[in-house]
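Undergrad: Quick paste of what TrEMBL says about this protein:
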- 227-247: transmembrane segment (TRANSMEM)
- 253-272: transmembrane segment (TRANSMEM)
- 307-326: transmembrane segment (TRANSMEM)
- 333-354: transmembrane segment (TRANSMEM)
- 393-415: transmembrane segment (TRANSMEM)
- 427-449: transmembrane segment (TRANSMEM)
- 455-476: transmembrane segment (TRANSMEM)
- 488-512: transmembrane segment (TRANSMEM)
- 524-547: transmembrane segment (TRANSMEM)
- 575-698: domain 'STAS' (DOMAIN)
Amino acid sequence: MRVRRNALAYAGFLQIKCPVLFHLFLHVLQLWVWLSSPAKIYLLVAMNRDVTDEAGSKEMDTSTYMSPSHDHNPENLPYVHKVGVPRRQNLLKQFTASVKETFYPGNPFRPFKGQSRLGKVVLALQAVFPVVSWGKDYNLARFKGDLIAGLTIASLCIPQDIGYAKLANLPPQNGLYTSFVPPLVYAFMGSSRDIAIGPVAVVSLLLGSLLQNEIDPVKDALEYRRLAFTATFFAGITQFTLGFFRLGFLIDFLSHAAIVGFMGGAAITIALQQLKGLLGISNFTRKTDIVSVMRSVWGTIHHGWNWQTMAIGISFLAFLLLAKYIGKKNKKLFWVPAIAPMVCVILSTFLVYITHADKHGVQIVRHIKKGINPPSFKKIYFTGKYFGKGFRIGVLSGMIGLTEAIAIGRTFAAVKDYHLDGNKEMVALGIMNVVGSMTSCYVATGSFSRSAVNFMAGCNTAMSNIVMSCVVFLTLEFMTSLFKYTPNAILASIIISAVVGLIDVEAVSLLWKIDKFDFVACMGAFFGVVFVSVEIGLLIAVSISFAKILLQVTRPRTALLGNLPGTAVYRNILQYPEALKVPGILIVRVDSAIYFSNSNYIKERILRWLTDEEEQLKKKGLPAIQYLVVEMSPVTDIDTSGIHALEELYRSLQKRNVQLLLANPGPVVVNKLHASKIATLIGENKIFLSVADAVRYVPNTEEP
């Protein structure tokens, strides 16, 4: 090692002070290595690399300017790895691999390899019906946890279902129907262990507001229900189609920020809608925007409010919020907010019954139809003027329900550390809603509040949904008459307490800290829902999400790179102020694939970087830029427009007497550079493995 250090020191001194003697020294060393043992070859290679690095470091530290030389001797350069050109793949294989990666990234057919015919049948059944997988190992210990969880969420869902049905302008029994059949279907086909299925507030509001724009739910209740079943059918078809054709990635286009804003706005709108029941107002606006609702509320303050209703609603709302607070503070008391709605229903119903408050203006449920779900297949519109409207409403409500269910399922799957196949979930939810539309149900999905209770109650499998469904069945068959005197104010209180959790202030604050554009998207969706309508808020949420994607695609980031002193690493000079610009060389990194949508912008942005840098150098009296290095590590792909933009960039640089160097293009980019002959135009010797190699290519003609 001492010999190597001495040799390195001497070689470094010669290279800097006397290059001719340095090369003579290297030739002598090569002859010595050739005559000596092969092990000493390592010394020569290491010396050549270290000497170059030391010399380069010294040049950087002393700010020695580099000037181009078109007649430099390649022997003066260190060994540089060539950029590898991957073998051309068969077009069919390449297309097949691309489709497989897009639609089947998890390779779902891998378990079928090497299996017998019977084994493949069993795996297929497990793929379609996950109940086959967990059912074979099911035991009494697991059932105990599922039984407790199922009974707990049943006590929560029954009063919620009645309230959510009113939110959708449907009879209360339709809400109970939706917590009977769909959970049974999902239990057999769903892959989540924690999701509790049923109607939810946001989808109920969306469905109700869209349906009442087409048909009056009071004057034409039968046609209104038919349109609701039609929308539910097409919501299921939409969900099934997305899952079956592996198109689940489409729901990711609705950004998290937009969902936060939409959910918060929907929560405010739902709470405002419940003022009708909470205050005992008979004549209430059908509009959902905050201005119309508040005008309707304050316009009836002198003759429309009922103080008995207000006393019942506000007192029990305070009790529900207190129960929610207790459950949040102490996780072991999760059952308190879970059973609180049922306790409120029982107490308020008994109170109204013994005081005859219904005769003093307190509005009550009055009648819930007894019996399980009647068939409704013949009520679905497959033709006529309502067919298209039902399809449109179904697609919107299906997408929102799908987004909510997948988000909930992934959240709890991450906590319990198991895999949740989003496409399987979509198929299960789709079939569930198609079956539901034929059995008098409206759109069902995963409920966050019920799923959270289900999780904390210790559920182990989807059996908890079956238990909940059985309790709802018993309620429909034997206990509907008990809800006759349940005041509407209690249902309003239950809904308000449930949707409070949809307003996520912490998430909004985090959006502001992390990404201001995400915050704008969130607020746009929020104010759209609150001040206009649910569908406009949803449209704003989707539009802003797409606008962000387009902005990021069409205006990708570029960065100027500099060398970190003492290393061969080049980084963004904004992130690392200590990074030094290399004299005579401009190093630019493109942080995106280069497509038709951004190729012209990237070319112009690079030329602007070059113009700005040349103006600064001219003011300081420093040598002009003679080499432009484009760092292409983040460039994952390039299309024909990108190739043309690269060619135009090369032509523009030629007119400025600036040479173009490329650093570390990926395999896809390299293939296209060679196929388009751009590599030949630029020069294959000007495409490098790294920025450091490209910088080393630039010769130093200044003699000390």
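Every residue, even glycine, has its Cβ placed from backbone N, Cα and C.
Heads up, TrEMBL stuff is auto-annotated, nobody curated it.
Remember, predicted model here, so these are calculated numbers, not experimental data.
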Undergrad: For the transmembrane segment (455-476), find every same-chain residue at least 6 residues outside the stretch whose CB is under 8 Å from a CB in it, and list them.
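TA: Sequence-distant neighbours of the transmembrane segment (455-476): 130-131, 134, 138, 142-143, 145-154, 157-158, 161, 173, 176-177, 179-181, 183-184, 186-188, 190, 192-198, 331, 334-335, 338, 370-372, 412, 415.
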Undergrad: Quick one: DSSP breakdown of the domain 'STAS' (575-698) into helix, strand and coil?
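TA: Its residues divide into 62 helix, 21 strand, 41 coil.
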Undergrad: Quick one: do the transmembrane segment (253-272) and the transmembrane segment (488-512) reach 3+ CB pairs under 8 Å, ignoring pairs fewer than 6 apart in sequence?
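TA: These two stretches do touch.
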Undergrad: The transmembrane segment (488-512): which same-chain residues, six or more beyond its ends, come within Cβ distance under 8 Å?
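TA: Same-chain contacts beyond the flanks: 159-160, 162-164, 166-167, 201-202, 257, 260-261, 263-264, 266-268, 270-271, 274-278, 280, 309-310, 312-314, 316-317, 320-321, 324, 341, 344-345, 348-349, 362-365, 448-449, 518-519, 522.
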Undergrad: Any chance the transmembrane segment (227-247) and the transmembrane segment (393-415) have 3 or more Cβ pairs under 8 A, given the pairs are 6 or more apart in sequence?
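TA: When sequence-distant Cβ pairs are counted, the transmembrane segment (393-415) touches the transmembrane segment (227-247), since at least 3 lie under 8 Å.
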Undergrad: Is the transmembrane segment (524-547) packed against any residues at least 6 beyond its ends, judged by a Cβ distance under 8 Å, and which are they?
TA: 205-206, 209-210, 253-255, 257-262, 264-266, 268-269, 287-291, 396, 400
Undergrad: At a C-beta cut-off of under 8 Å, are there same-chain residues at least 6 beyond the transmembrane segment (393-415) that contact it? List them, or none.
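TA: Sequence-remote neighbours of the transmembrane segment (393-415) are 191-195, 200, 202-203, 206-207, 210-211, 214, 227, 230-239, 242, 248, 251, 254, 259, 422, 425-426, 429-430, 433, 443-448, 451, 455, 535, 538.
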